[in-house]
Amino acid sequence: MGLILDTIYDLHSHIKDIEELETYLSQGIVPLVNCRSLGEFLDYSSFINETSYDSSEVLYSIGLHPHDADRILYNFSNKYEDLIRKAPIVGEIGMDSCWTDLDRKTQETSFLYSLGLAKKYNKPVVLHTKGMEREILEIIQDFDLTYIVHWYGCSDYQEDYRNLGVYFTIGPAIFSDPDVEKLVSNVDLDKLLLETDGIEALRWLDEEHFDKRRLRDNLEDVYRKIAEIKALDYEFVKNTIVNTSKDLIKKYKGVMYE
């Protein structure tokens, strides 16, 4: 890959080691790193300190993932509220009826607790909604917060979420999921962001063809697909999404960028 002159942003990722972080940074991608436990947060902090790449714009989020809704003490000890108080973003949090066997009550209790902390400290929230789109929609209407909905793959309730002014992260699933295409078609461009959901998620999505050396190319292809769906110029789409991402990072990290 040649010299990367411009920076693009991945507003939802998972990083398991410093090599993965540097895969992003070396390709001019600034990730929002999700930390779903105290251990992951400590690892993230270590990676940021150790990397030789510029990580000044890298942002992180803290949240009890719905798959871990019954493990708050195990994942965070007694430090969950303090970590959320200090974190720029809360998430990913939410509920899931597809990929976990945890009962709804346990998930909802955890979700409401995390939302309450986000409200207490006025933090934006990354939402995980898989299979629970209606239930989450009903809940978040009582919490006036900024929401980033991660990998929304449902044809229903799109207009309802859009009317709440939420942001949506779009990843390579746009090439295989007609519900994501529909979402992109219906949502205003300035409410769209990019995501990978981490290297492991991309490998799961397309194991046969995925190559982490093409991570940047994968995201550039997502820009192009969004431009195609919305019948807009590619550079305009890319610049709009990049600027939206920079504005969010600037707002929630408190750092000024040129």
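Cβ atoms are placed via backbone N, Cα and C, with glycine included.
These come from TrEMBL:
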type	residues	note
BINDING	His12, His14, Glu92, Asp197	divalent metal cation 1 binding site
BINDING	His128, His150	divalent metal cation 2 binding site
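TrEMBL feature annotations superimposed on the structure.
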residue : record                               : DSSP (3 states)
His12   : divalent metal cation 1 binding site : strand
Glu92   : divalent metal cation 1 binding site : strand
His128  : divalent metal cation 2 binding site : strand
His150  : divalent metal cation 2 binding site : strand
Asp197  : divalent metal cation 1 binding site : coil
Can you tell which of His12, His14, His128, His150 has the least company, meaning the fewest other C-beta atoms within 10 angstroms of its C-beta, among these binding-site residues? His14
Cβ neighbour count within 10 Å, max among the binding-site residues Glu92, Asp197, goes to Glu92
His12 (divalent metal cation 1 binding site) to His150 (divalent metal cation 2 binding site): how many Å between their Cα atoms? 7
Residues sitting within 8 A of the centre of the His12, His14, Glu92, Asp197 CB atoms (divalent metal cation 1 site), not counting those, run Ser13, Asn34, Val126, His150, Trp151, Glu195, Thr196, Gly198, Ala201
Work through the binding-site residues one by one (His14, Glu92, Asp197) and name whichever has its CA nearest to the CA of His128 (divalent metal cation 2 binding site). Glu92
In whole Å, how far does the CA atom of His150 (divalent metal cation 2 binding site) lie from that of Glu92 (divalent metal cation 1 binding site)? 8
